[in-house]
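Participant: So Swiss-Prot has the following annotated:
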COMPBIAS  250-266  compositional bias 'Low complexity'
COMPBIAS  272-283  compositional bias 'Polar residues'
DOMAIN    317-590  domain 'Protein kinase'
CARBOHYD  Asn123  N-linked glycosylation site
CARBOHYD  Asn158  N-linked glycosylation site
CARBOHYD  Asn162  N-linked glycosylation site
CARBOHYD  Asn166  N-linked glycosylation site
CARBOHYD  Asn193  N-linked glycosylation site
MOD_RES   Tyr482  phosphotyrosine
SIGNAL    1-34  signal peptide
TOPO_DOM  35-211  topological domain 'Extracellular'
TRANSMEM  212-239  transmembrane segment
Amino acid sequence: MRAGRGGVPGSGGLRAPPPPLLLLLLAMLPAAAPRSPALAAAPAGPSVSLYLSEDEVRRLLGLDAELYYVRNDLISHYALSFNLLVPSETNFLHFTWHAKSKVEYKLGFQVDNFVAMGMPQVNISAQGEVPRTLSVFRVELSCTGKVDSEVMILMQLNLTVNSSKNFTVLNFKRRKMCYKKLEEVKTSALDKNTSRTIYDPVHAAPTTSTRVFYISVGVCCAVIFLVAIILAVLHLHSMKRIELDDSISASSSSQGLSQPSTQTTQYLRADTPNNATPITSSSGYPTLRIEKNDLRSVTLLEAKAKVKDIAISRERITLKDVLQEGTFGRIFHGILVDEKDPNKEKQTFVKTVKDQASEVQVTMMLTESCKLRGLHHRNLLPITHVCIEEGEKPMVVLPYMNWGNLKLFLRQCKLVEANNPQAISQQDLVHMAIQIACGMSYLARREVIHRDLAARNCVIDDTLQVKITDNALSRDLFPMDYHCLGDNENRPVRWMALESLVNNEFSSASDVWAFGVTLWELMTLGQTPYVDIDPFEMAAYLKDGYRIAQPINCPDELFAVMACCWALDPEERPKFQQLVQCLTEFHAALGAYV
């Protein structure tokens, strides 16, 4: 794959730096070969280590990992580059450090807004020796409460070994949001009069009792009022099906990239240095919603009844070109005539079946077409209408996207010459991934599980806008992507998480796994994952820790995102909102080098 606008390895251009959240993930990876510069030291080395403990990282970031800045004299520039956001309610930071031989230190701070925050305080001296035993020092970051402002803090630590000329400077960047404190309410005249009456032994008890009574009543009323407002807001929020504006604006197509038509697929164990899985939040899915597949329990009459409210007359649909065709299913480019004004027309996709389709196949098409029904988001493509008239083959109508199926589009891009202006760049591919992650993040918030996320179940238009659609007819149109493992059900084995393969369990976490494979599809321009692996061996293969290898010219930071999605434990996979943030930051970093 030739590098487009992204400046990837092998392109000869500048390489974009990893975004902040990826820097943190990379900093927590197990150390491989010592590529980071070491502390200036004597030949034996002082063996200095400085890090945030697992408890401290969990308190600040919610991650179960230690964050090393220096490990046995090796400096982690990934970790030092991360500008850590300190929660506004957190006033203390704790650093763990030690050295095996004499190392002198000098500690200093810089704050960009002294009105919002005073100079940080520490419980150690400003200069001295790094302790020889494992020790913790505390940094206090207390706001003044005078203004609302984000404060940037720089902690500079100079480490000196053996002589004053032999030193290393470490800069730790932090930022914290400080808020203005509410002013205390001044005592009113009524309060003053009341304060004088409390010395009256006759009226003291009744007056205090009355005040407490009225205050209690007022507080109760206020609480009831607030609860009512909150319930009303939550109800309105759940009823509104608004499009969430959490995807970034589309980036334009630029200099193209092409990829060789063949690529030798390699597979790596998850614990090898080039395929290590970064640590992610263990609390990513506090309550996993697990579903079992029960489509075969629905009858054709029940399936038609569920879509009766969006049924339209067959006369309003005109079928044009056949876009895709399988054994029993077809997708047409269609025209939908407006019900009130026959002169108004809309272009549509029309999914339907051939005459030889069985009742089970028709039922499955209707049922799976309803997967995204009623959901509204710019990166989702739910059905809008159906035609279920007697004597006619059922039809499912969806909005039209003029570049069609994403998988077919990617494979077409692979055949395009490198100098073709319509070829897409790496930045465009990342932008597509962001859009898919945004749509899936919306589904996760609505507790909707897709079960079959893949490039084949997405569509794209000429502005490179991508939308996720259902998987109706996908088994028929992409038969090589589905396999039956002896249970009489065709499943997308190569896209499925281990718990889905073994226990037929699906959740938002299993959708995250499929997203990682979809991201791999994007970076390989539509290649098939695990193409050399027997579908019956996939579960054992994944259990042993093997994963698909890093695509050619795929940046390490982007492959780290994929690896996060393929953690065996569903709880350790990132949430879609975290993936949106990671990919958006990486997309911005690519754009900075265009």
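Note: Cβ is positioned from N, Cα and C throughout, glycine not excepted.
Surface or core, plus neighbours and distances: that's what I need for these features.
Facilitator: Neighbours of Asn123 (N-linked glycosylation site), defined as other CB atoms within 10 A of its CB across all chains, total 11.
In the three-state DSSP scheme, Asn158 (N-linked glycosylation site) falls into the strand class. Around Asn158 (N-linked glycosylation site), the same-chain residues six or more apart in sequence whose CB sits under 8 Å from its CB are Tyr105, Lys106, Leu107, Gly108, Phe167, Thr168, Val169, Leu170, listed in sequence order.
Under the DSSP three-state reduction, Tyr482 (phosphotyrosine) is assigned to coil, being neither helix nor strand.
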Participant: Near the Cβ of Asn162 (N-linked glycosylation site), how many other Cβ atoms are there if near means within 10 Å?
Facilitator: 15
Participant: Pop the Cα-Cα gap between Asn162 (N-linked glycosylation site) and Asn123 (N-linked glycosylation site) into the table, whole Å please.
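Facilitator: That comes out at 25 Å between the alpha carbons.
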